Amino acid sequence: MDLEIGPFQNHVKKESWKTVLTLAYQSLGVVYGDLSTSPLYVYKSTFAEDIRHSETNEEIFGVLSFVFWTLTLVPLLKYVFIVLRADDNGEGGTFALYSLLCRHARVNSLPSCQVADEELYEYKKDNIGLAPSSNFGARLKSTLEKHRVLQRFLLVLALIGTCMVIGDGVLTPAISVFSAVSGLELSMSNEHHKYVEVPVACIILIGLFALQHYGTHRVGFLFAPVVLTWLLCISAIGVYNIVHWNPHVYQALSPYYMYKFLRKTQRGGWMSLGGILLCITGSEAMFADLGHFSQLSIKIAFTSLVYPSLVLAYMGQAAYLSKHHFVDNDYRIGFYVSVPDKLRWPVLVIAILAAVVGSQAIITGTFSIIKQCSALGCFPRVKIVHTSSKIHGQIYIPEINWTLLLLCLAVTVGFRDTKRMGNASGLAVITVMLVTTCLMSLVIVLCWHKSVFLAIGFVFFFGTIEALYFTASLIKFLEGAWVPIALSFIFLIIMCVWHFGTRKKYEFDVQNKVSINWLLSLGPSLGIVRVRGIGLVQTELVSGIPSIFSHFVTNLPAFHQVLVFLCIKSVPVPHVKPDERFLVGHIGPREYRLYRCIVRYGYRDFHKDDMEFEKDLVCSIAEFIRSGSTELAGANEDVGKEDNKMTVVGTCSTNTDGIQLSEDDGDIIELASTSEMREIRSPPVIYPRKRVRFIIPESPQIDRAAREELHELMEAREAGIAYILGHSYMRAKQGSSMLKKLVINYGYEFLRRNSRAPAYPLSVPHASTLEVGMVYHV
């Protein structure tokens, strides 16, 4: 449910109030679907077992006071006024905070970082590199950069928050849909509704997940109206109940009623906080979905509509319950008992639709955060399907989708009540918030350069509130709270094993890369026959020659006339601008026709298909050849022991005044000649091929060597591109510890065999792929 128009739309968001209000309206369906459906189950979960509603109304008024102040302090004060400001170039979420810290304190977990990455626009846009203003901040930064243990702890902390978000992706659809469907209990007898609720909820969940591969862009326009209708509905019912049943319920908003509540209920009241906590379920989405909207639009939507609607809804339920104290076997405290009889069926329909919309938001958010984890080397490679050609952020991950469905059905069928579902969901929600609070304290000191006392005050104030709710949720471990812990533990093990194996593989590649002197000794022909075409040798190295290349040269009788060592990597920024996408350089002398091309993506970027990528790749190499002959101004350097100068080159669409590539299926079609452009064409061939030509600027002049190099590149492109992939098998060295052998030989290898191949993002055609296997002993 991603309304992102493009990766660099943040400048457009602030153009006018009309744009801001439109984004605020759209955010209702994406951001607030989960939060707005919380009145369905908060009171029911709170009064499920630990406390009882009595005629003194102290319990219901105390719960209302807790709900009001929790909504005010956490979503409103913490997220709207503080956390939303900690965006990573417009992006939000756990990984956005971690990305900010990685760039400010150099604690990045990606092994393939380069100095040139720090020249990216989004990397240095927010004054990165400035030393913290306080001595404590400088010491903290130095300590984090020196100690690997602290860096790993920071990564694990971010991964714990991420795993809890994934766990929430399982629990939120289950509790939201089940709570909405539970309205049937007031419309049919006990004997029947308990046999209807679970099957109906399961059918809705199956339909919801089965439709994910179609994408939400076709029905996304319905999400905001559904949530808007729901918010207006619950606020109107709330006002009716307040006026009709108890106009003085507003007095319960006083914090004094929290004290009275705890004094009377004591341990039971503390344990019931796990149900009250559910009133802020979905608050994290305001920050996580920041990249699709803007700070101002999210703030306007929450403060002007969502927050007052929720407060009125909870006040209305409390007003109704304060006048209805009778309790019998058929009576349960819940949302639907406070709805007038004549409105229950329409409200039931709207509630189910709102629950589906809220579930859709968390499912899409789970897809998005797993894509980010995969991009940053913390999750096995999965199939990522872009469901919309216009809205790049809308993705679908089949493996995760069906896994979430099975887990959702298991939770729904296994628990069959909102009490245990609420215990599980509450622990997942509060853990994510605690992680955000911890990371925010570091952001305040290291990124915002504020006083350490401000960071301590932030942690102490919000951490105390969240720790209180956390303990109340954790005490329900055996009553459902074990589910998010178990799910998070499984996903955390998967992430840590994959990250460890990926780092070890990269370190092996670095230690065993081939010397440049060995390459020079082969001569321009590399000691073998050079055949027509371009060979793309995929590697994860950003410098040096991978050991797999010497393996190729030793075992293959011929090689392509143009060889490109291609490295596709992620950098710790959300987006990389298209004109900064490629880093291109020579390997060895120019006549060897060996190039290194590093393609950089942000953790929120999407990868193009193979045909468009091939065109951009060839164009970037051609532009590098031209710029190398004229010493293009503004080229960045990444100087290494074995690498020549590397130049930043954009895609074809960004290099409008540079070399353009044209491909024709038949004869070459002449373009209108101008005084500024001329063409370099490929020579005629006797067999049918796609004809290729470069259109290059008239000025500045290109020297003869560069012209010959362009001709050869053009011939090679016309002959075709072959992908040369290394297929590695990892084994722990003899003498390694039992834990390392278990992680590498079994854990990592199992994940590698069952995940997508490294070249999958390019959709490499099998007919053009050459794969050679090697065994790595790490």
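The backbone N, Cα and C atoms fix where each Cβ goes, and this holds for glycine too.
Database features, via TrEMBL:
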DOMAIN    23-520  domain 'K+ potassium transporter integral membrane'
TRANSMEM  60-81  transmembrane segment
TRANSMEM  153-175  transmembrane segment
TRANSMEM  195-214  transmembrane segment
TRANSMEM  221-243  transmembrane segment
TRANSMEM  268-288  transmembrane segment
TRANSMEM  300-320  transmembrane segment
TRANSMEM  345-370  transmembrane segment
TRANSMEM  391-415  transmembrane segment
TRANSMEM  427-446  transmembrane segment
TRANSMEM  453-475  transmembrane segment
TRANSMEM  481-501  transmembrane segment
DOMAIN    533-777  domain 'K+ potassium transporter C-terminal'
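The list of residues near the transmembrane segment (427-446) in space but at least 6 beyond its ends in sequence, with Cβ under 8 angstroms from a Cβ of it, reads 74, 78, 82-83, 86, 94, 97-98, 100-101, 104-105, 132, 134, 136-137, 140-141, 154, 157-158, 160-161, 164-165, 167-168, 171, 274, 277-278, 280-281, 283-284, 287, 452, 454-456, 458-459, 462-463, 466-467, 469-470, 473-474, 476, 481, 484-485, 488.
Pairs of Cβ atoms less than 8 Å apart link the transmembrane segment (268-288) most often to 60-81, out of 60-81, 221-243, 345-370, 453-475, 481-501.
Averaged across the domain 'K+ potassium transporter C-terminal' (533-777), pLDDT in this predicted model comes to 71. When the stretches 153-175, 221-243, 345-370, 453-475, 481-501 are ranked by Cβ pairs under 8 Å to the transmembrane segment (60-81), first place goes to 453-475. The stretch from 153-175, 195-214, 221-243, 345-370 that makes the most Cβ contacts under 8 Å with the transmembrane segment (391-415) is 195-214. Among the listed stretches 153-175, 195-214, 300-320, the one sharing the most Cβ pairs under 8 Å with the transmembrane segment (221-243) is 300-320.
Residues of the same chain lying 6 or more positions beyond the ends of the transmembrane segment (195-214) and with a Cβ under 8 Å from any Cβ of it are 173-174, 177-178, 181-182, 184-185, 188, 352, 356, 359-360, 363, 385, 387, 396, 398, 401-402, 404-405, 408-409, 412-413, 416.
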